[in-house]
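TrEMBL has this to say about the protein:
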TRANSMEM  12-28  transmembrane segment
TRANSMEM  34-51  transmembrane segment
TRANSMEM  63-84  transmembrane segment
TRANSMEM  90-112  transmembrane segment
TRANSMEM  124-145  transmembrane segment
TRANSMEM  171-192  transmembrane segment
TRANSMEM  204-230  transmembrane segment
TRANSMEM  285-303  transmembrane segment
TRANSMEM  337-354  transmembrane segment
TRANSMEM  366-388  transmembrane segment
TRANSMEM  620-641  transmembrane segment
TRANSMEM  653-674  transmembrane segment
REGION    703-725  region 'Disordered'
COMPBIAS  712-725  compositional bias 'Basic and acidic residues'
Amino acid sequence: SKTKKQHRNLNMIQVCGYPISIFFIVVNEFCERFSYYGMRAVLVLYFKFFLRWDDDLSTSIYHTFVALCYLTPILGAIVADSWLGKFKTIIYLSIVYAIGQVAMAVSAIHDITDTDRDGTPDNMIFHVVMSMVGLFLIALGTGGIKPCVAAFGGDQFGDHQEKQRRTFFSVFYLCINGGSLLSTIITPILRAQECGIYSQQKCYSLAFGVPAALMVVALVVFIAGSGMYYKAEPQGNIMLDVSKCIGFAIKNRYRHRSKQFPKRKHWMDWAEEKYDKLLIAQIKMVLKVLFLYIPLPVFWTLFDQKGSRWTLQATTMDGNFGLLVIQPDQMQTVNPILILTLVPIMDSVVYPLIKKCGLNFTPLKRMTVGMVMAAIAFFCAAVVQLQIDKTLPVFPSSSESQLKILNMDSNPVTVNLPSYPPFTVPAAQVGDLFQKLCAKVALIFHNSSDESTPVHYFNLQVSEKYFTFEGEQILVTVENHHPVSQDVSLTKQMFINGLATAVNVSSPAVDFGLIQPLNYTTYSLVQYGKTTFTLRSGSQSCEFSKEFGYGSSYAFFIPSTLVFGPTCQESITVIEEIKPNSVHMALQIPQYFFITAGEVMFSVTGLEFSYSQAPSNMKAVLQAGWLLTVAIGNFIVLIVAEAAKIPLKWAEYVLFASLLIAMCVLFSIMAYFYTYIDPTEIEAQFKTMTNEDDEKHKNGEIQMLKKGSVNQKDHFNKDKKQTRL
């Protein structure tokens, strides 16, 4: 045929026994996976720190996006097999994909709407709309081409190239993991850079721009090999046939719901009036496996949180590994590294060892153990979160306030606060933090020489305030709006000037500007590590250095007694508002180990088991069902994050782990009653029965023909006799 001839001609162009076209497909897959995982690695931090969403909203949108990425492959497979074909589907959806990546990169350019040039976008709606449109297009593109690229690569091999085809799929899988690993290392580094036209901010636009460029490269490379591909014509999608058959069985069963109609062994048997018995038997086998999928979405509920909740958890931890500083989103690289390590260890060491011990470690048992591993990972995450919570600052609720007293006087001052004993604030120092105060507070200030200071009433309208004073008079009220760092690698700093003259404060990265007497600066972001500030007043200057830890926040008070010179460092009062992150990121490694071990035992084994229990022409249906469990799992995270609103993160981790344990028990019960089958043998039996029926039918027709021919002869002779008469 024409198609076979085309296939034969294309296979003549080979390199080392492989069709040259597959090299374009492999490069395309590597670039596409780099693009997807690189963008996804920094996505939740983009929501939190650029769009300024809280943890729950960031998590919800992240998992909605991931769920869409696993729903659209079903659509892509149907379009490719029924209408456009794999080649055109990949081209068209890759263009959509690239546009989405470009939209994400544009949405992260803060200078577009930063009219006052303070580093913060003034029109956040533009950035939100652009990012949501971009994510929708990416989900449509990456999901749509997911089922097409691997199958299109397999189509390039002839029937005599089975060995080369297997090697291709191994290299193809390696490209997926290689692209994932490199992107989760590189894009967080790009995000940590500072860029901008008018103001320097974290470079999310670069972190999204590089994946966008890689997607364009992937598209160009794929198109470049167009003339060398074997392009199979669309031959219909089995999922549509299966859906129609199931729909007809349900409809027919409903029509014959009356008791006057005899029952049938299986509800799918009601499709026998219209569909082939072999197809119905194949669908029965698939439904048996899909029934086991019911508890599986909860595993993905836990697994995919390594890109959301666990990354947000890492932002409150210390990533300093000595010579190496790890960004919070880079911790995700532990997963692909462990995957590449554990898969060969499991296959060549662990499973054979278990088999030698005489244990029947069936695929369903492996999957059960994998689910337990994932639950253990979340129990580990809960323990880590408990350690983090001990170090986090306590912020007031919407109906409460916090208060700090900064004494700018050169003498100690005593303060009376209702419900608290009198306390003394030393000269040029800050008092203790008072938490959970009501909206209106009466303060009494007096120094040691005069105790007749009048009472001052203040309405605390913001979450935290500094009241700075000298003697009896309030000089300045410093509003402090939750001094939380914008990024784990950045710290927030502010200066309060207690001098009678203006002071200019600057550092190599930040210029605080001129601070007027008895005034203060806004918070500025300073990079993690050691920073040297230069203080200038007229012709006088001095330097002040401070080592900043991850996630810390400080206020620096310049006292009225400051003398410019070498002793400047000792004179400045350092007020530590938020302590540096002290829980190390290395504590996340155990939870990553358990979740990856669970993935190897659950995901790899699950696909292997599913494929072994389904007919050869039903693999696509099972693939669709498997992807659907991933999507449902991500929607469960969305429901818990938005509906449950659990205030304690460790409690949420325990909830998810407990839910998976419950589903694990249910799955183990279902697995206990499951009977393994051989689809090939069942299909062969049906084909044999069909052939026998056909043979009987054929023999019956021959007998009828013979009988008919004798009757015809007799009738002819009879007519002949009558004619003679």
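Each residue, glycine too, has its Cβ placed from N, Cα and C.
Any TrEMBL annotation is an automated prediction that lacks curation.
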Outside the transmembrane segment (124-145), six or more residues from its ends: residues with CB under 8 Å to it: 32, 36, 39, 46, 50-52, 61, 65, 68-73, 75-76, 79, 89-90, 93-104, 106-108, 110, 112-113
Three or more CB pairs closer than 8 Å, sequence separation of 6 or more: does that hold for the transmembrane segment (171-192) against the transmembrane segment (34-51)? yes
Looking only at residues six or more beyond either end of the transmembrane segment (366-388), which have a C-beta under 8 A from one in the stretch? 298-299, 302-303, 309-310, 313, 316-317, 583, 587-588, 590-595, 597-603, 605-606, 609, 649-651, 653-654, 656-658, 660-661, 663-664, 667-668, 671
Residues outside the transmembrane segment (337-354) whose C-beta sits under 8 Å from one of its C-beta atoms, at least 6 past its ends, are 177, 181, 361, 592-593, 596-597, 599-601, 604
Do at least three C-beta pairs under 8 angstroms join the transmembrane segment (285-303) to the transmembrane segment (204-230), pairs 6 or more apart in sequence? no
Stretch contact, the transmembrane segment (63-84) with the transmembrane segment (620-641), Cβ-Cβ under 8 Å, 3+ pairs: yes
Same chain, outside the transmembrane segment (90-112) by at least 6, Cβ under 8 Å from its Cβ: which residues? 32, 35, 39, 46, 50, 76, 80, 84, 119-121, 126-128, 130-131, 133-142, 144-145, 148-149, 152, 196-199, 201, 204-205, 207-209, 211-212, 215-216, 218-219, 222-223
